[in-house]
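Visitor: Pasting the relevant annotations from TrEMBL:
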| type | residues | note |
| --- | --- | --- |
| DOMAIN | 119-375 | domain 'AB hydrolase-1' |
| ACT_SITE | S199 | active site, charge relay system |
| ACT_SITE | D338 | active site, charge relay system |
| ACT_SITE | H369 | active site, charge relay system |
Amino acid sequence: LKMSAMLETPELPAVFDGVKLAAVAAVLYVIVRCLNLKSPTAPPELIYQDSDLARFLLKSCPLLTKDGHIQTALYGKMGRVRSPHPYGLRKYLTMPDGATATFDLFEPQSEHCTGEDVTMVICPGIANHSEKQYIRTFVDYAQKNGYRCAVLNHLGALPNIELTSARMFTYGCTWEFSAMVNYIKKTYPQTQLVVVGFSLGGNIVCKYVGESQANQERVLCCVSVCQGYSALRAQETFMQWDHCRRFYNFLMADNMKKIILSHRQVLFGDNNMKKPQNLSDADLSKLYTATSLMQIDDNVMRKFHGYSSLKEYYEKESCLHYLHKIYVPLLLVNAADDPLVHESLLSIPRALSEKRENVMHVLPLHGGHLGFFEGSVLFPEPLTWMDKLVVQYANAICQWEKTKSHCSDTEQAVSGQE
């Protein structure tokens, strides 16, 4: 009877969650201790072309003070600890094909260090949205530093938002992000933009900024964190077992399957919605048995935009062909121990940063994939090195722009007096 009464108490799930979290933390701690994976403190590697802008930024660039090796596991299993809950307003935008894009808007909680109106337009990682813990933590920190934040919710990712067209988010589709940015520009005509993307979101924002010169208007800088730059070059490495990439691939594929199948009636059902011509060819039996993202992309995702092959989809949707068209300051952040991004892919940002004055590549030894936790394995800090790096870089760019504008105004005034 006592056991029966305990099972009926509402507090029990919370207890189980606490036990589960403690068990995960304990296992991670044992792995670190047994494998001696604790690494010495080291500053991140900075690759850039020497310029006045780079020297200005280096004064403000923080160093990685302490970091764990199993960052990705911490991020994936625990998320951000003691995450804040910033309050935002959800906005709905109707796309030309009938899809309903959504994003959450968060107003700044203090004045920006430059006194200017600055908005961060943020694109989360694969199948993510504004309610994810790492996004909430970053938004709260950005708000406290005087930034307005607009966070895109990937099409189909929010469990309580139904699709209104037979299309989901894809690896490189910039339509929804572009609609959000245009809304911000129109609603806040005085604001300047800081463009931020995490993982898959990093590919989308870099592709968006590089797609046209008009997309770079009022953009102070662009920041990409933990992306792979070329899906075509990454697909083979994503099937390899070193650094457990094949396992991560399986986990992400399983998550994508659940999201797609939760919308299967809209995407594949008999309804009046207009569907892409080759989407009807999608084999649901192949989707159920898929164990990799590549299989899902080939069977379903590429068909949303009419690509005839997986190779064409990855080639056209990667930001690789747009990076050299970005002329605003560009910060590319990766971790040397990211289990999802093979080291061969890091030659892309390295080569770009060595050639272009506006590009800086930051590569710490540790950080995993969107981890970058500080503190200890059992007691990580809620705010990560990644959060602080992005905000401090944005602050430095804003100060640089204000200093540059002030110098320009002074020169014009002196010239007028002469």
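Backbone N, Cα and C atoms are what each Cβ position is placed from, and that goes for glycine too.
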Visitor: Ten-angstrom check, please: count other Cβ atoms within 10 Å of the Cβ of H369 (active site, charge relay system), all chains counted.
Guide: 23
Visitor: Across the domain 'AB hydrolase-1' (119-375), what is the average pLDDT of the model, as a whole number?
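Guide: When the pLDDT values over the domain 'AB hydrolase-1' (119-375) are averaged, the result is 94.
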Visitor: What's the CA to CA span in angstrom from S199 (active site, charge relay system) over to D338 (active site, charge relay system)?
Guide: 11
Visitor: For H369 (active site, charge relay system) and D338 (active site, charge relay system), what Cα-Cα distance in Å is obtained after rounding to a whole number?
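Guide: Each residue's Cα considered, H369 (active site, charge relay system) and D338 (active site, charge relay system) end up 5 Å apart.
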Visitor: Return the count of C-beta atoms lying within 10 angstroms of the C-beta of S199 (active site, charge relay system), excluding that atom itself.
Guide: 22
